[in-house]
Amino acid sequence: MTKQMKADIFIIFVTCIWGMSFPLIRNVLVYISYDQYLALRFLIASVIIAVMFYRKLLRIKLYTLVCGAILGICLAGTLGLTVYALNYTSSSNVAFITGLNIVLVPLVSAILLKKIPRISSVLGVVIGLIGISVLVGGVNVGTNIGDLLAFASSLCLTGQIILIDKFNEKGDPLILGILQIIFAAIIFLFISLLWGQGIKITEFNNTVVFVIGLTGIFGTALAFVGQTYVQKFTTPTHIAIIFMGEPIFGALFSLMIPDDNGVTEKLTLNMMIGGLFIISAIIISELNLKSFVFKKYKNTY
């Protein structure tokens, strides 16, 4: 198994964790606000990784510190803008527009990083975009503030993926992953204290503790530090394509995890067809079609 395949498998695992967090977050928001949830989730992740890697944090170079701050802003922008977008437009629009990073990442990667995506990756992008459109049941994109916020979120995610690839050339991937979480935590804590409800929780129960703990440790500390580290073994386009699997995992876990009223979501035809398209896109992106066609042509003649 190549290093790239191992890296992609880890990203699939991370995407699965994020998908599983969808119904869990939905349940915890019954008790706390979203700004409180994000602040506590990233605060817990920051404390854990700071304790684990405090020796490395004491030897941070200025370049790495600045790069980590930029990544933290992109990360906070991705999550924060997505949430605010949902207040002004439909969830299907948000899902589709934020998913446009699958097109933006290879485009920006080719222009700025001079990394031309493989034929299989381009094909995966096209199939994946169709899959997202089917999965969300079509979209009616306009120029309202919600759609613009969703697009800004997509730009932030694109920036995070591309900049990780760029910063990894000179910076320490592990430290970059740690710093982006710490800076994102500072931003979310600042927002919660100034414009939100602060981090004082009036209804603290087992659900809140479990969800914040799970998403803080696995969905944040492990996920974002791991993504930053393994991305040096794969490509930005691969990352973007695999991230498309997040709504699939979200839909699957929503079928199994009930909401606060004990109701689970129902499997729809759109979920099945869209899911098949996205899974196909991920598999195709892993193939080296150019090499396959060349060998086929060579064997034929």
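Yeah, the Cβs are placed from backbone N, Cα and C, and that goes for glycine too.
Taken from TrEMBL, the feature domain 'EamA' applies to 6-136, 145-284. TrEMBL lists 7-25, 37-55, 62-86, 92-113, 120-139, 175-195, 207-226, 269-289 with the feature transmembrane segment.
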State the non-local partners of the transmembrane segment (207-226) in its own chain: residues 6+ outside its ends, Cβ under 8 Å from one of its Cβ atoms.
10, 14, 17-18, 21, 24-25, 27-28, 31-32, 37, 40-45, 48-49, 75, 174, 177-178, 180-181, 201
Could you pull the average pLDDT for the domain 'EamA' (6-136)?
85
What stretch, picked from 7-25, 37-55, 92-113, 175-195, 269-289, has the most CB pairs under 8 A with the transmembrane segment (120-139)?
269-289
DSSP-assigned states of the domain 'EamA' (145-284) in counts, ordered helix, strand, coil:
108 helix, 0 strand, 32 coil
Which residues of the chain, 6 or more past the ends of the transmembrane segment (269-289), have a CB below 8 A from one of its CBs?
5, 8, 12, 118-121, 123-125, 127-128, 130-137, 237-238, 241-242, 244-245, 247-248, 251
